[in-house]
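Student: Just passing along the structure, written as structure tokens.
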Amino acid sequence: MTETLNALKQADPEVFEILEAEDARQHDTIRLIASENYTSRAVMEATGSRLTNKYSEGYPGKRYYQGQAYTDRVENLAIERARELFGADHVNIQPYSGSPANLAVFYAMLEPGDKVLGMGLPFGGHLTHGWKVSFSGRFYDAHAYAVDETTETIDYDAVARQAREIRPKMLICGASAYPRTIDFERFAEIAREVDAILLADIAHISGLVAGGVHPSPVPVADIVTTTTHKTLRGPRSGMIMCTSEHASAIDRAIFPGLQGGPHMNQIAAAAVAFGEALTPDFKHYAQQVVDNARVLADALQSQGLRLVTGGTDNHLVLVDLTPRGLGGRAAAIALEKAGVVVNSNSIPFDKRKPFDPSGIRIGTAAITTRGMGEDAMRQIADFMARALDNIDNDDTLSGIRSDVEAFCRDFPIP
Ligand SMILES: *Cc1c(COP(=O)(O)O)cnc(C)c1O
């Protein structure tokens, strides 16, 4: 991308040089951060457009400032495409990102101190689902469900029992580190039984939902939130979908409740990404993300690594390094030296601390966008196993890094 940034190169060589180095890093490494991806050039161009200059507080047809002919058009287009993609009644495309989208749902649907029940952070849930250090745990009476200790998957009967006991005003499903299909219908049943609002947060899997390779919560949940930049492959942004019943409460919570002017450049870029997601190519991408994750999971298992839940149904694999005698942090640092970028991650019932947990989390969205297929997955598992066998040997790690760079040359980034 930097090759087109002539004005920046002239005006600010210091920032230009940083961006150029980041381009090279994104090209020369195997990016397995499960929440990351590569957007298309079209999405990047819209993100960098002059819409960043425009203030447009309010909603299409009802703005507070003049000059909205084109912001209205582009926001309506983003909304229409999102509705087509997910089949939602109502879409708000203004949340600045995934966390503000969740914050808006809390603000719209609850009073401070109301009870919520969400997946605990240590079991794969997100901070904004009621974890103590986040607004969602601080201002609400937040309770957490875990996964089953043996299967490491959600025990829906246990969640139902907990919900009957707690009677939360809102039940939250969706996760940041859960490698299995989420049964949204079962969650909806539980929510109905205890008369709770159901919030489904599909930040990680929305690209898989849009591509038809994961069931959609839209028909069964009251409210669905997502980011647009993870598997959905759009700009960094957020979105809320809901039934008509909750539309005005959600819209008012975003503006004027929590935000001022929407970031119209991001909204235009989201419209572009939704247009891409409506094509058959995107369905192939989504299927390949899941196929790649399965092949990578099998290959890692063949290398003797233990996977949480024993495998994956989606884009994400959680590796438990305990049997290897390694901590997640040391493993992630060594892998980065070898050109493989992951994050350390807690595993269910982790005995180690969150900053140096027992696992690493990996995802296949970004590498699939680069065109890597199943042979590439086996190669990546091999790079990873070699690096994990040599975490204290910098020479070996830098040798692997050279191999990784050569391997990456066959897969140009957008
Ligand atoms: C990533 C994520 C978010 C937050 O998104 P940000 O854009 O980082 O604020 C919210 N919920 C879940 C489940 C996520 O994985």
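In case you wondered, yes, glycine gets a Cβ from its N, Cα and C as well.
For reference, TrEMBL lists these features for the protein:
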| type | residues | note |
| --- | --- | --- |
| DOMAIN | 8-384 | domain 'Serine hydroxymethyltransferase-like' |
| BINDING | Leu121, Gly125, His126, Leu127, Glu245 | (6S)-5,6,7,8-tetrahydrofolate binding site |
| SITE | His229 | site 'Plays an important role in substrate specificity' |
| MOD_RES | Lys230 | N6-(pyridoxal phosphate)lysine |
Student: List the recorded positions Gly125, His126, His229 whose Cβ sits under 6 Å from any atom of ligand 1, in sequence order.
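Tutor: Among Gly125, His126, His229, near ligand 1: His126.
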Student: Sequence gap of 6 or more, C-beta under 8 Å: which same-chain residues meet both conditions with respect to Glu245 ((6S)-5,6,7,8-tetrahydrofolate binding site)?
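Tutor: Correct list: Asp222.
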Student: In sequence order, which same-chain residues at least six apart have a C-beta under 8 angstroms from Leu121 ((6S)-5,6,7,8-tetrahydrofolate binding site)?
Tutor: Leu127, His129, Trp131, Ala144, Ser346
Student: Write down the Cα-Cα distance for His126 ((6S)-5,6,7,8-tetrahydrofolate binding site) and His229 (site 'Plays an important role in substrate specificity'), rounded and given in Å.
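Tutor: On Cα coordinates alone, these residues lie 16 Å apart.
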Student: How many Å separate the Cα atoms of Lys230 (N6-(pyridoxal phosphate)lysine) and Gly125 ((6S)-5,6,7,8-tetrahydrofolate binding site)?
Tutor: 16
Student: Taking all residues of the domain 'Serine hydroxymethyltransferase-like' (8-384) together, what is their mean pLDDT?
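Tutor: Overall, the domain 'Serine hydroxymethyltransferase-like' (8-384) comes to a mean pLDDT of 98.
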Student: Tell me, how many other CB atoms lie within 10 A of the CB of Gly125 ((6S)-5,6,7,8-tetrahydrofolate binding site), whichever protein chain they belong to?
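Tutor: By my count, 25.
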Student: When DSSP is mapped onto helix/strand/coil, what comes out for Leu121 ((6S)-5,6,7,8-tetrahydrofolate binding site)?
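Tutor: It is helical.
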Student: Going by DSSP, is Lys230 (N6-(pyridoxal phosphate)lysine) part of a helix, a strand, or coil?
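Tutor: Its secondary structure by DSSP: coil.
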Student: Within a 10 Å radius around the Cβ, which one of these recorded positions has the most neighbouring Cβ atoms: His126, Lys230?
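Tutor: Its Cβ has the most other Cβ atoms within 10 Å: Lys230.
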Student: Tell me the coarse DSSP state (helix, strand, coil) of Leu127 ((6S)-5,6,7,8-tetrahydrofolate binding site).
Tutor: helix
